Amino acid sequence: MVLFKAKFSFQRRVKLAQTLWLLSWLSVLVGCLTFGMGIFLKVQLWIHNEVMENTSAHAVPNTVITAGLVGILLGIYAGKVSQASMDVTKYQRWKSFMMPFFFLAILSCLVCLAALVLSVALRGTLEESLKIGLKNAIRFYKDTDTPGRCYQKRSMDKLQMDFQCCGNNHPKDWFEVQWISNRYLDFSSKEVKDRIKSNVDGRYLMDSVPFSCCNPSSPRPCIQMQITNNSAHYSYNYQSDELNIWVRGCREALLSYYTGIMATNGAAVTLSFLLQASVLVSLRYLHTSMDKISGPDDMEADTEGFILEKGVTETMNTTLEKMKGLFMSNQVETAEGGGEAAAAS
């Protein structure tokens with residue numbers, strides 16, 4: 001049973017070819033946008049790689065980049081075919097590439113869907129990766145002399161200033177770690193000794209945050225040391241006053257930032273998917289309607305176009321049989337070539 005059959009006069013085929021040409025180049029433009037958005041997300045993930053536990057989130061930009069690149073190539077091909085369809089002799093050169101094109105176009109649509117699914121599915125993975133990565137970044141903040149962690153302090157300070165955030169979930173995350181290196185502590189000082197002895201793990205903990213947590217918009221000089229001690233600062237109440245440090249955690253800030261980029265990527269991929277599907281359907285109609293035209297004399301004849309010549313199940317079975325036959329013929333040719341080589345030796 002033929003699915004979605006339609007009759008095409010010469011004028012309708014011309015309009016179909018023109019529409020396909022327009023859709024093809026729109027698909028190329030959107031493919032370029034999708035490719036660029038994927039590259040941008042990839043770069044942003046790479047920039048903050050030090051505060052992430054793993055790189056599983058990179059699957060999203062990788063898929064988006066693939067979808068954009070394939071969309072560009074298929075759009076260019078479809079545009080060339082639409083131009084060649086006005087000349088039977090030129091069109092004959094493209095006919096043999098039609099089935100591989102349809103196969104790749106369907107794969108491209110599936111890649112677009114995969115990119116959309118990954119954008120949603122990997123949000124939880126990204127959040128967990130940021131949670132662990134930021135926790136480690138805060139813990140290793142002081143290790144500026146340790147190989148592999150030399151730039152951890154710079155990365156964390158830049159992150160907190162750029163995203164106006166402090167700590168992992170909140171500024172108190174800094175209270176739980178020793179973020180000042182021992183090389184900068186005066187161990188002859190009674191205050192330092194008492195603070196280290198008061199801690200079970202022998203760490204120098206204090207209710208303070210790095211300078212990068214300070215809010216420069218605050219009219220008051222930044223209170224970054226002894227934050228919870230009201231008596232240490234004039235006219236200050238930790239419980240009721242608005243703190244002049246950033247109170248939002250960096251995990252929330254980064255997750256919100258990446259979620260926004262992924263949403264934009266999702267919109268670009270969705271548009272790319274719709275255009276590629278439209279190009280696929282239009283080219284299929286053009287191909288099947290041109291299939292019965294054998295020469296220039298038949299160009300103005302009325303023809304029929306369709307999406308599938310048989311039902312979905314029958315088409316899939318036929319395609320599988322063709323692929324199986326092609327695979328078997330390749331095996332036979334390989335075996336014959338091996339036998340001839342053995343006989344010659």
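Residue numbers in this text run from 1 along the chain shown.
Glycine residues also receive a Cβ, built from the backbone N, Cα and C atoms like all the rest.
Per Swiss-Prot, these features apply:
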type     : residues : note
CARBOHYD : Asn54    : N-linked glycosylation site
CARBOHYD : Asn229   : N-linked glycosylation site
TOPO_DOM : 1-24     : topological domain 'Cytoplasmic'
TOPO_DOM : 44-61    : topological domain 'Lumenal'
TOPO_DOM : 81-99    : topological domain 'Cytoplasmic'
TOPO_DOM : 124-264  : topological domain 'Lumenal'
TOPO_DOM : 291-345  : topological domain 'Cytoplasmic'
TRANSMEM : 25-43    : transmembrane segment
TRANSMEM : 62-80    : transmembrane segment
TRANSMEM : 100-123  : transmembrane segment
TRANSMEM : 265-290  : transmembrane segment
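Asn54 (N-linked glycosylation site) is 38 Å away from Asn229 (N-linked glycosylation site) when you measure Cα to Cα.
Remark: secondary structure over the topological domain 'Lumenal' (124-264) totals 65 helix, 2 strand, 74 coil, with classes taken from DSSP. Over the topological domain 'Cytoplasmic' (1-24) the predicted model carries a mean pLDDT of 80. For Asn229 (N-linked glycosylation site), the Cβ neighbour count at a 10 Å cut-off comes to 14, with all displayed protein chains included. In sequence order, Ser129 make up the list of same-chain residues 6 or more apart from Asn54 (N-linked glycosylation site) whose Cβ falls under 8 Å from its Cβ.
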